[in-house]
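Feature annotations, courtesy of TrEMBL:
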- B:12-36: transmembrane segment (TRANSMEM)
- B:43-63: transmembrane segment (TRANSMEM)
- B:69-88: transmembrane segment (TRANSMEM)
- B:100-119: transmembrane segment (TRANSMEM)
- B:150-169: transmembrane segment (TRANSMEM)
- B:201-221: transmembrane segment (TRANSMEM)
- B:227-260: transmembrane segment (TRANSMEM)
- B:272-292: transmembrane segment (TRANSMEM)
Amino acid sequence: MRIKDLLTGVAASVLLAGTAQAEMTGGKVRIGVLNDQSGLYADLGGQGSVMAARMAIEDFGGSLDGTPIEVVSADHQNKPDIGSNIARQWYDVDGVDMVIDVPNSAVALAVNEVTREKNKVFINSGAATSDLTGPKCSPNTVHWTYDTWALANGTGKAVVKNGGDTWFFITADYAFGHALEKDTTAVIEANGGKVLGSVRHPLSTSDFSSFLLQAQASGAKVIGLANAGGDTTNSIKQAAEFGITQSGQQLAALLLFLSDVHALGLPVAQGLTFTESFYWDLNDQTRAFAKRFGERNGGRMPTMVQAGVYAGTLHYLKALKALGSDGDGKAVVAKMKEIPTDDPLFGKGTIRVDGRKIHDMYLFEVKKPEESKGPWDYYTLKATIPAAEAFRPLDKGGCPLVKS
Amino acid sequence: MIQQLLGIPPQALFGQLLLGLINGAFYAMLSLGLAVIFGLLNIINFAHGALYMMGAFVAWFLLQYAGIGYWWALLLSPLAVGLLGMLIERTMLRRLYQLDHLYGLLLTFGLALIIEGLFRNQFGSSGQPYAIPPQLMGGYNLGFMFLPTYRGWVVVASLAVCLATWFVIERTKLGAYLRAATENPTLVQAFGINVPRMITLTYGFGVALAALAGVLAAPIYQVNPTMGSSLIIVVFAVVVIGGMGSIMGSIVTGFGLGVIEGLTKVFYPEASNTVIFVLMAIVLLIRPAGLFGRA
């Protein structure tokens with residue numbers, strides 16, 4: 001089976017130039033959704049991402065000119081070794097052509113390397129680290145939904161401009177938190193602000209009161225939460241309990257998902273300002289998608305990560321159709337970069353040479369309970385950050401692909 | 001000199017000590033339940049974390065679907081979960097008493113995974129909000145820190161429950177029966193005491209303690225299907241350090257380790273979730289029976 005795959009792969013790349021016969025390895029396209037399905041990031045991606053990938057396949061027509069498209073999924077448990085082992089097995093044994101989602105930057109960086117080594121395709125929606133399109137960029141990887149630079153640029157800039165010029169970070173102690181703290185620090189300093197200190201907590205901490213007290217003692221005007229998922233919701237909830245905001249300090253949740261706001265409830269979450277690339281209630285198209293998604297997902301609206309899985313899968317399939325083969329991951333990603341992106345959720349956009357998907361980002365504020373008109377009506381749009389300004393300039397990331 | 005203690009102002013240090021004590025309250029209540037169960041049933045109850053989570057969820061159900069608030073939940077949730085515990089003891093655990101510890105551990109671990117999986121499937125992983133009851137909102141400015149009223153209440157409530165439990169087991173006639181049944185069940189049975197029923201009730205009580213801790217935790221943390229599994233390993237470390245089966249040992253160790261963990265969060269936060277296990281390793285090397293255990 002593996003030899004046959006290899007041969008078809010070789011054959012496909014030889015024939016690549018002209019004869020565009022649909023030639024898919026193993027006679028099918030197989031997409032692997034790899035994410036946290038049981039831990040603190042399960043609600044922002046998890047089974048919802050699997051559903052989003054399935055919906056993209058349906059909307060693409062269910063098959064690629066008669067070649068079946070399949071979805072497999074697995075739980076990486078937020079452990080890089082487990083994540084890269086699953087990816088390796090998928091590529092080597094199970095005939096998976098593309099891996100998508102992979103929240104948790106540590107796992108994403110590991111899968112990034114495996115994908116490069118196996119010459120497959122990795123579309124990242126869930127992970128945040130901007131290193132994926134910076135020093136660690138790969139010709140086999142596309143970073144779809146958001147990244148730490150975009151979050152820092154959106155939220156960091158807005159907060160500093162509103163007078164929040166001294167910061168203290170509460171940072172998740174792994175690749176993602178470090179990247180987010182680093183990128184936000186750069187934005188703060190570039191806008192004339194100052195970072196007074198930071199504290200790093202282990203992933204999946206339940207009690208944040210000690211860290212919040214340290215942040216309070218620092219006297220900083222803004223407490224920047226460089227963490228995600230359950231860590232962020234616990235930080236925000238306990239900050240309210242300890243009267244942090246009443247005493248004049250401001251919380252900046254650098255990464256907040258719709259699922260987090262839902263879990264916190266509006267009374268606690270109201271007034272938070274943060275950056276995202278998607279909200280279900282942006283326009284008619286996003287609302288139509290959200291309605292379909294909600295019907296299958298127990299009424300839960302899609303997060304931006306799940307939206308990114310949908311859009312990424314759709315664009316991947318378009319590239320396969322244009323290319324006529326899925327054997328050579330580099331060629332597929334090159335095709336994805338060549339054709340402009342266009343989908344109902346993120347609108348028109350492009351994928352840069354470093355793998356960065358470019359689209360608008362949005363600055364949202366969480367509504368007050370009395371402003372919310374119904375379930376899941378949580379955000380007010382404060383500002384749109386145009387695509388051209390939303391992401392790190394191509395020459396600033398240190399991606400080796402850019403020079404060539 | 002006086003302003004700084006190891007680079008930390010003493011005021012900040014007081015705050016951290018107090019916070020450590022608050023977290024220790026949860027460790028103490030959970031490890032107490034484990035110690036009681038282990039002492040009498042010889043079962044290493046790995047389902048304890050899941051039952052703690054259920055306690056929080058029952059409080060949430062009561063509020064969400066029946067409009068029953070926090071104070072009643074403090075009573076009703078431990079009752080409900082305790083009854084479930086007794087059912088588990090009657091139908092499953094009872095069959096394992098003659099076997100090796102390992103079987104009880106495997107059964108309860110499996111139960112924990114099943115319970116957690118069911119809740120996660122139903123309610124997702126990011127949890128449900130549970131508000132602090134209005135009577136306990138707000139807080140006091142202690143000068144060195146802002147103490148939320150609710151956290152203060154947690155320490156007081158937990159200390160009271162722990163000490164009451166210790167008193168019942170170590171100082172009353174009922175407790176004497178319990179302790180005697182641990183040593184020699186056959187003899188106690190011969191005196192006309194219904195040992196199997198006592199064991200069922202004890203397991204129910206241990207489980208109810210976990211559920212009570214769950215209700216107390218609900219307004220602080222999200223009511224979350226994984227809240228138990230992230231705590232249970234630490235609590236086992238507490239029990240091991242305190243000495244398996246020792247009541248006072250688990251109370252003192254619970255509070256003590258909370259404080260040590262709190263201090264770690266100031267001096268080297270990155271290690272805050274490993275420090276307890278380092279301590280456990282050291283204690284096991286020096287005193288394998290635990291600090292308060294009988295060798």
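The backbone N, Cα and C atoms fix where each Cβ goes, and this holds for glycine too.
Nobody curates TrEMBL annotations by hand; they come from automatic prediction.
Owing to the predicted nature of the structure, the values given are computational and were not obtained by experimental measurement.
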Next on the checklist: At a Cβ cut-off of 8 Å, and with pairs 6 or more apart in sequence only, do we get at least 3 pairs between the transmembrane segment (B:43-63) and the transmembrane segment (B:272-292), yes or no?
Outcome noted: no
Checklist entry - What same-chain residues lie close to the transmembrane segment (B:201-221): Cβ under 8 Å, and 6 or more beyond its ends? => result 25-26, 29-30, 32-34, 36-37, 40-41, 43, 45, 48-49, 51-60, 70, 73-74, 77-86, 88-89, 93, 127, 130-133, 150-151, 154, 157-158, 161, 165, 178, 227-228
Checklist entry - Which of B:12-36, B:69-88, B:100-119, B:227-260 has the most Cβ pairs closer than 8 Å to the transmembrane segment (B:150-169)? => result B:12-36
Checklist entry - What parts of the chain pack near the transmembrane segment (B:227-260), using Cβ distances under 8 Å and only residues at least 6 beyond its ends? => result 17, 20-32, 34-36, 38-39, 46, 48-53, 56, 112, 116, 127, 162-163, 165-166, 169-170, 214, 217, 221, 273, 275-277, 279-280, 283-284, 289-294
Checklist entry - Sequence-remote contacts (6 or more beyond its ends) of the transmembrane segment (B:69-88), Cβ cut-off under 8 Å? => result 47, 51, 54-56, 58-59, 62-63, 111, 133, 200-201, 203-212, 214-216, 219
